Amino acid sequence: MRMRSGGPAMAAPEESLRRRKVGNAGAEPGSPPGPGPGCDPTGCSARLRAGTFWLTRIVLLRALAFIYFVAFLVAFHQNKQLIGDRGLLPCRTYLKSVQQYFRGPVGWDAVSYAPTVLWLLDWSHMDSNLDALALLGLGVSSFVLVTGCANMVLMATLWVLYMSLVNVGQIWYSFGWESQLLETGFLGIFLCPLWTLSRLPTGTPPSQIVLWGFRWLIFRIMLGAGLIKIRGDQCWRDLTCMDFHYETQPVPNPAAYFLHQSPWWVHRFETLSNHFLELVVPFFIFLGRRMCILHGALQILFQVVLIISGNLSFLNWLTMVPSVACFDDATLGFLFPSGPGGLKDRVLKLQEEAARGARPPLRYGCMVRRAVHMALGILVAWLSVPVVINLLSPTQIMNTSFNPLRIVNTYGAFGSITKERTEVILQGTASPNASTPDAVWEDYEFKCKPGDPGRRPCLISPYHHRLDWLMWFAAFQTYEHNEWIIHLAGRLLANDAMAVSLLALNPFEDRAPPRWVRGEHYRYKFSRPGGQHAAAGKWWVRKRIGPYFPPLSLRDLEDYFRSREWPYPELE
C-alpha cells in the first residue's frame, strides 16, 4: 500500500515542526530555550552577563577588609610589647633616631622617610597611640567586612593607619606581606565612590583601570616568586626543595608533619606544580576572559593548599584578594542569593539597561573619577618601571619597596630553602651560680614556634605571632645581629608581664624571677611516624648544637640597656 505524501498522517508532524522552528528562530545556537508562556519572570532564574564587576567589587572589598581586620588585630595584641613604650624595639626611639639623622625638628625629610601619623601625636603615651590606631583600624575594617559598603574615605583611612604602623614597626614589620597589604589597600581606595556608602553605588561602576591594577599586582606577585626560586636555590632547579620545606618553614602546622613524610615523587610533583603556577599561569591573565578566570581559580586553589600546609601569617589569604579581580559578575553570581530586590537581581537590571543603551548622562563627578583613574594608571605604570627591571635582572631582589608609601613593590618568597631546622631555646635558672653542673635550667615556651618536642605544631593562619617568626630568623644568625633578643632576655630576668605575654609558658610564673637567662642552639627534625620518638608522643627530635648566648644576669645588662636607651627592666 502506498501512502500519499500530502495525506493527513504527515500533516500534523510537519506543522508541529514548523511551529518549533518559528518559536526558536531568534535564539542563538546552543542557547537554552526561553521560558514558556506560563512562567513567572520572577520565578525564572536569569543568568548574569559577563563583563561587569559590580559583585566583584563587593567580594574584593570584603576580602580586603578581612585582611585589614586580622592585621589590626595582630597589631592591637602585640604592638605594645614589640614597639610600645616598654617594647623590645620602642618606636619612640626609632622616630627620635630618624629625627636626629635629618638634624632638626620634624620636617619633610623625616616624614617622607618614615610616613606615619605618629609624627603628629604625643610621644609620651606611645602605647595609647598604638592602641588607638589599631582600634580605629579594627572598627573601620569591621564595618566594611560586615556591610560590604565602603567609600574612598574609609579605605584611605585603613591604608593610612596601617602604613603608619608599618613605617615604625622596624624589623617586626619587615615581612613582604606588609608592603603587599599596603599596595592592595591603595588600589582598594580607588575601587570605591568618594562619599557614597552603598554595596551597589550605581553611579560609580568599578573602574577597569583599577581592576587591571589588581591583576597586574597578582601577576607580579606570582611571577616574582617563581623567578626568585629559579634564580635562587639549586634545589628548585633539581626539584628537591619540597623534601625540606615542610620541616624547615618558619612555623610548621600539623599538616606539614604528615606532608613531610610523602614519597619523593610527590615532592617532585609539588615542585613542578609550583613552577607551573608561578611561572606559566600568571600569563593567563592576558589571554582573554576564560583564561583570566582560570588563572584566578588556579591561584586561589594554590593559596588554599599553602594555607593547609603551613602558617604563613595572612600572606596566602592576602594573595587571594587581587585574584578576585579575575572574576566578573557572571562568575561570582553563585555567591549571592537570587530573588527579587537582591543584589544579583539589581545587577541583572543594570546589565539589561546597559544592553538597551540606557546610559545616565555624564556628570562632572564621573569625569573627575575617570581623570583620577587615568592618573592612577599612569602612576602605577611609572612606579612599575624599577619593579619590572628588578624582575628581569639576574640579581633579582625580593620583598622590596622602591618608594616610602609602598604603592608598587617587588615580591618573592623562599628563594632559598634551609636544609636543616635550628631553633633558639631560651632557658632560665634560679641557681645563684649559672656554671654549676647542678643548675636546673627551665625552658620558656613560645606561642607557636617549636620548643618542647612533645608539643603539637600550632595552627594559627591567618594570625601572626611576630616574635616567633623573628626567632626563626635569629636562629640563622648570631645574637649580635639581633639585639632585641638580649632585650627580651633582660625582660624575662625581671619577669616583665608585657614581655611574658608574648610567650606560651613562663616557667617562673608566680615565682621569683630567674637569676640567669641563656640561649641554647638546637637542631630540630620531625620524628618518624612509627618510630620510638613518635611512639612516645614526640613530634620533634632535637639535638643540642651549643650555646647561642651565654648566661646573663640583670646586672650584666644594665650598661647594655642604657647605651641603647631601652627602659631598664623593673622586677615584678
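Numbers here mean position along the shown chain, with the first residue as 1.
From the backbone N, Cα and C atoms, a Cβ is placed for every residue, glycine too.
Listed in TrEMBL:
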type	residues	note
DOMAIN	173-332	domain 'Lipase maturation factor 1/2 N-terminal'
DOMAIN	407-550	domain 'Lipase maturation factor 1/2 C-terminal'
REGION	1-40	region 'Disordered'
TRANSMEM	54-76	transmembrane segment
TRANSMEM	132-161	transmembrane segment
TRANSMEM	292-314	transmembrane segment
TRANSMEM	371-392	transmembrane segment
Tally of DSSP helical, extended and coil residues in the domain 'Lipase maturation factor 1/2 C-terminal' (407-550): 31 helix, 40 strand, 73 coil
Mean per-residue pLDDT computed across the domain 'Lipase maturation factor 1/2 N-terminal' (173-332): 96
Within-chain partners of the transmembrane segment (132-161) [C-beta distance under 8 Å, separation at least 6 from its ends]: 58, 61-62, 64-66, 68-69, 71-73, 75-76, 79, 117-118, 182, 185-186, 188-199
